[in-house]
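Per TrEMBL, the feature transmembrane segment maps to A:48-66, A:73-91, A:97-118, A:130-149, A:202-225, A:254-274, A:310-330, A:336-355.
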Amino acid sequence: MTQPTPASSPSQDFERVLPASPAEVASFEGHGKTFLQRAREFLHGNPAAVPLIVLLASLVIFGLLVGSKFFSAFALTLILQQVAITGIVAAAQTLVILTAGIDLSVGAIMVLSSVVMGQFTFRYGLPPELSILCGFAVGALCGFINGFLVAYVRLPAFIVTLGMWQVILATNFLYSANETIRAQEISANAPILQFFGENFRLGGAVFTYGVIVFVALVLALWYVLNHTAWGRHVYAIGDDEQAAELSGVRVKPILVSVYVLSGLICALAGWAMIGRLGSVSPTAGQFANIESITAVVIGGISLFGGRGSILGTMFGALIVGVFALGLRLWGTDPQWTYLMIGLLIIAAVAIDQWIRKAAA
Amino acid sequence: MNATQPILSARGLVKRYGRVTALDQADFDLYPGEILAVIGDNGAGKSSLIKALSGAVSPDEGEIRLDGKPIHFRSPMDARAAGIETVYQNLALSPALSIADNMFLGREIRKPGVLGSVFRMLDRPAMERTAREKLSELGLMTIQNISQAVETLSGGQRQGVAVARAAAFGSKVIIMDEPTAALGVKESRRVLDLIQDVKARGMPIVLISHNMPHVFEVADRIHIHRLGRRLAVIKPSDYSMSDAVALMTGAMKPPADVLAA
Ligand SMILES: Nc1ncnc2c1ncn2[C@@H]1O[C@H](COP(=O)(O)OP(=O)(O)OP(=O)(O)O)[C@@H](O)[C@H]1O
Ligand SMILES: [Mg+2]
């Protein structure tokens, strides 16, 4: 049916001219576009481009300002180490925000999981490997409760996870009796708990296993989100939940799976956090939820769901790390870091709004 | 004409939304190989009827039969698995996903071998090839890029994607809720031709439309929906367009012979 020869006889008289009309469709591509419009379309198609550009620019700027103290393999890999935990939690946050939800309980899940890993080993004498599995199970359970309440009870994610944040944090303090497990004790009896703190060197560069697992996790999630049906469904749900349901996405089970996966990733962050701190502390990671949302937003993920790339989240986390270390080495008051990050957040959302207009 | 068994039928469907009764004891019959048009005022309950038939809402009361067997669709996917494909009035596309991803949403093709079975990798080339074929079959548009996001398409092109998706996957019944509403003259003609093509393949179609010339051109029978129920079923050859409109709006009482049809 390349040529419009109507199989049916036209019912309206003005349609008789149709067979004479050209078959190709008008094309508007190419002319009449300003540079800004093209830029917007490019960014619309490549949501991780903005944070990548900002990251590279901030590296250059701090490199110029601070010099070789900043622009060394050691300092740059130090940034990676400093953002790895936030980055892992931000990866979990990305999944939830892509579905147009939000998870305020990520930090609490991370801490509770790490406490379970530590306490099960030292209080009950379980083999540390088993305790780690229990920590993951607790993370998954917390995620499941979130997901069930959001998907099946249909409560707003913000409220559910706000409540769960308090519940989990209180559980964490009650259960741990506010007790810290000291680093020496862990390295003597259960070094596997500190696995992600171990490192290897390449010249001046220092890579912890925590950094490796952070980058590997982001790459794996990037693959899953872009090249599997599950990933496409996550985007479709965040984009337009009803349309997704009507066109054949099992919205509820997928939402639950997203929150469970988020819980599991938080448990992984909890394990990595033991490596970073050395100890197991129920008061650690207080700001992980806000920091993860910051990385996600600076990474160009839309809080309205359905848009953005998880690579952007990784760049977003790194941008925060670059600013924090760069400003510190430059010798400014740490408050400047918060000020700059605050401005970046607002700028990122403004850019997101502007890019979204490309579609309209 | 009722010697054969309806392929899809419904009896006494009721659907309430709070205090609004969208379907009030509605009946429905679709026979093999026919094009059945459903007409009715805005808010008459046409979309509610087809949503009940396609599993998008579950009716509060009533019975639906496919091939004579009672069915209970719990989701649109159940209906799709049973071979009923629907173009919804709001199109049900995901704006940020590509044309190909949209066409295959919920029934993606995976790569053969380990890549597909273990790594669950989508077979993008295969999906894009099929999507392009289906779209050019429909002749609705020449799309520059099959991997472009649906939100970058015009309203009519989006409708074309939704129609192509239904035509590509429907195996028993295709339901279209106002498929030409956003289309230009030429594109509407293509969709009407497509409807005839699909019918020629032996597939029955339910067409909801407010466009009387289109309805009278393609329909074998016309189901007139009024106040949440089937008022009458008429043959376009026996009635004029103004009679149909008069029945639909309540200006004319239906003659006795069409009431039971
Ligand atoms: N999800 C819903 N919630 C509440 N009321 C609804 C819902 N869907 C439909 N209704 C109501 O049910 C009635 C029938 O609506 P329906 O969409 O089936 O009409 P329609 O015949 O398709 O109209 P149109 O020609 O405008 O598409 C209307 O009064 C509508 O307000
Ligand atoms: Mg309708």
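Glycine too: its Cβ is placed from the backbone N, Cα and C atoms.
Nobody curates TrEMBL annotations by hand; they come from automatic prediction.
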Six or more residues out from either end of the transmembrane segment (A:310-330), which same-chain residues have a Cβ under 8 Å from its Cβ atoms? 47-48, 50-52, 54-55, 58-59, 61-62, 65-66, 69-70, 75, 78-80, 82-83, 86-87, 90-91, 93-94, 214-215, 218, 221-222, 225, 291, 294-301, 336-337, 340-341, 344, 348
For the transmembrane segment (A:130-149), could you work out the same-chain residues 6 or more beyond its ends whose Cβ comes under 8 Å from its Cβ atoms? 103, 105, 108-110, 112-114, 116-121, 155, 157, 160-161, 164, 168, 190, 192-193, 255-268, 270-271
Against the transmembrane segment (A:202-225), which of these stretches has the most C-beta pairs under 8 Å: A:73-91, A:97-118, A:254-274, A:336-355? A:73-91
Near the transmembrane segment (A:73-91), which same-chain residues lie under 8 Å Cβ to Cβ, leaving out any that are not at least 6 residues past its ends? 106-107, 110, 202-208, 210-211, 213-215, 217-218, 221, 265-266, 268-269, 272-273, 276, 285, 288-289, 291-293, 295-296, 299, 310, 313-314, 316-318, 320-322, 324-325, 329
State the residues, same chain only, that lie 6 or more residues beyond the ends of the transmembrane segment (A:97-118) and have a CB under 8 A from a CB inside it; answer 'none' if no residue qualifies. 85, 89, 128, 131-132, 134-136, 138-139, 142-143, 146, 150, 157-158, 161-162, 164-165, 168-169, 171-172, 175-176, 181, 186, 193, 225, 234-235, 237-238, 241, 255, 258-259, 262-263, 266-267, 269-271, 273-274, 280, 282, 284-289, 292-293, 296, 301-308
